[in-house]
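**Q** After the structure tokens below, expect a handful of questions from me.
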Amino acid sequence: MSPIMEEILSDSNSILTSDEPLSPTLQPQQRLKARPTTQLSFDAYSSSSSGSSIRSFNTTSNKVDTGADFLLGLISKSNSATSSERSKISPFHNVKSGKRPLIKLTKEASSEEEEIDQQDTCRDSDVPLDHNGDDSIISRNDISVISDDKEYSGYRRKYGHEADPLLIYKDPQSITWSRHRKHFFILSSAGKPIYTRYGEETRISSYMGVIQAIVSFFADADDTIRSLGPLYLVAVSRTNESEMQLRDQLNYLYNQIVSVLTSTQLTKIFEQRVNFDLRRLLGGTEPFLDNLASTMGDDPGFMFSSIQCVRMNKDLRDKVGSIMQSIKPQDLLYAMLITNNKLITLLRPKKHSLHPADLHLVFNMVNGSSTFRSVESWTPICLPKFNNKGFLHAYVCYITSNVCLLFISPDKDKFFECSEAKNLLKEELSDCNALQEIEEASQNEGYSIADIGVPGLRHFIYKSRTHVQYTSPTLVAPYSDPRKRQKPLKVHYYVSPNETILGWLTSSFELYAAFGPLISKSALTSSSHTLLRWIKKEEESLFIVSSPVF
Amino acid sequence: MNQYVNKKFSNQYKATIGADFLTKEVMVDDRLVTMQIWDTAGQERFQSLGVAFYRGADCCVLMFDVNNGKSFETLDSWRDEFLIQASPRDSENFPFVVLGNKIDLEESKRMVSQKRAMTWCQSKGNTPYFETSAKEAINVEQAFQTIAKNALQQETEDILDFPDPIKIDSDANKYEACGC
């Protein structure tokens, strides 16, 4: 047994027996006290990394005379015939129904909400309510007090949308819309909607006003929101993800916008016109934000700030790399072969490595649009970690049905050189049969847990800190929901009726593994070491251990 | 405002955080436009919040009660306050619209004549003036149509420069990167 394992497994203080995540941002939870005031809490911040964020918010209802003035925000929209009667229903109407809206503003609703919360607390004390003073991301497991069936039928009775069963998920006025596990909203500092994960931006503009109001409320008390750019990004979640995880995800969304506009343009636009409708410039790129929003919840690479590579014989990878090296076009920054969000190989200048966050944006771009599959493309892209002030230009082309080639260049006039280099690359790879071999490797589903032969082991994620890459076997039941994983600090050992979880961090790797529930500590230890030995043995095929540079 | 958006009138709608937020879609010259209508509170204690709400507005609607002389007299200070706080790029031409509300009440209660109101509006760069009744839905639709139109006129096509190309050899970025 390694010293660290020994220390952890024998030290009762370090062995956690609850499923509380070890994230340093999570404080011991306090139960929400019933207050006859409006409780509104979510995590909002403006794309950044320092300062304080919006926490929770209380307000009492007030009557106000007819206002002395109105303000208007205008969101222009392409002319369409989709305008419907639904727009006449105020978003706040669903609050009055006393169900569970994500953003609550009326006194009546909040009182009821708190009663339900207290019942929840009694019924299931393990459920974190996260209504403590420091962390107020809404995250609950048991949000469904009312069964889905009843909810839907109630909605249909009220609004008669039987014809389109999906509509209720898209319509912000519906209860179902508010019951998505995780919402993302992006708005300008003037309160204009820029992006919503669900529903349509114009429909949620009232919510955007409320968010802007909350931000202003705190700004008024000199509690300014953390901020980098001129945008507000909001996550409303009940996924049990930590504040840190959500913060990371909002940063990714922000970076996606920067990748389309550059931070130079973004800043300039709002300096010139604070009321600018950014959707005029971002229009058409929403699928990339959508794709990112859903991938971030499932792909551990985002949480671990690392990437996954295709498992492949090292000799083959080296051969492909050296061929790429030999055909690379002029003024190249990066060349890479990718498949299904995994890296096959990367060619780069000696002094410019590639940040995993930028690589995730590249993956997201290639995956977010099916058009790349059919044509050679040339597109400007800003990679914020490399340089957020300007555009690079990406040549994108699938060279087999699964393998996509990218050349990234600072020169906007290099399309034809890249296209020629692609032809050459394809030719040379075919000549030595490597094209066929990488296509086969890319079709490979990965390895299964059975291939490793570690007793009791069900699933694991291993991140090599040295290579900034992770590896993981294909997911089998019951681990089809990766969102349940959480990030421990050093070692996390947890036994539940269904499984035994080990999380183990060292300076060179992070291991997260799930075993059967009945495994003994000594068997767990020896199994973990068997697994680590297997990973060591397979390291050169699981990871890209060296990549060609120029 | 509720009259306009929800086609109903309530004289006790809730103020929340010093502002009420409603959305309305209108057609302006064959273009579908969504208006975000932020009704800021007229109360003193909410005034500081108004500051943040004013920034980024496309149009400002000043509304007074024709049966209340004082509400008319304060229009000047509301207008000035708005221009100071919002500090629009071109404050000379920032679109305002003035509404004289509650014309449904009996004539004897009226304190501000149409002529007096229009004179004031003319002195403020020909600000459009509408006499409305939120309760009876008089002129509300027309007023908001004008508001949307005037606000849209502010929108100009901005031409963005492509930022300078990146010189990859000039500055090396330092960060935790793939070791590959």
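Quick reminder: no glycine exception, Cβ is built from N, Cα and C everywhere.
Here's the feature list from TrEMBL:
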- A:1-59: region 'Disordered' (REGION)
- A:24-40: compositional bias 'Polar residues' (COMPBIAS)
- A:41-56: compositional bias 'Low complexity' (COMPBIAS)
- A:107-133: region 'Disordered' (REGION)
- A:120-133: compositional bias 'Basic and acidic residues' (COMPBIAS)
- A:182-292: domain 'FUZ/MON1/HPS1 first Longin' (DOMAIN)
- A:331-423: domain 'FUZ/MON1/HPS1 second Longin' (DOMAIN)
- A:485-539: domain 'FUZ/MON1/HPS1 third Longin' (DOMAIN)
**Q** Count up the helix, strand and coil residues in the domain 'FUZ/MON1/HPS1 third Longin' (A:485-539) according to DSSP, in that order.
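**A** So the counts come to 19 helix, 18 strand, 18 coil.
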**Q** What does DSSP give as the helix, strand and coil breakdown of the domain 'FUZ/MON1/HPS1 second Longin' (A:331-423)?
**A** 30 helix, 31 strand, 32 coil
**Q** Could you break down the residues of the domain 'FUZ/MON1/HPS1 first Longin' (A:182-292) into DSSP helix, strand and coil, giving a count for each?
**A** 61 helix, 20 strand, 30 coil
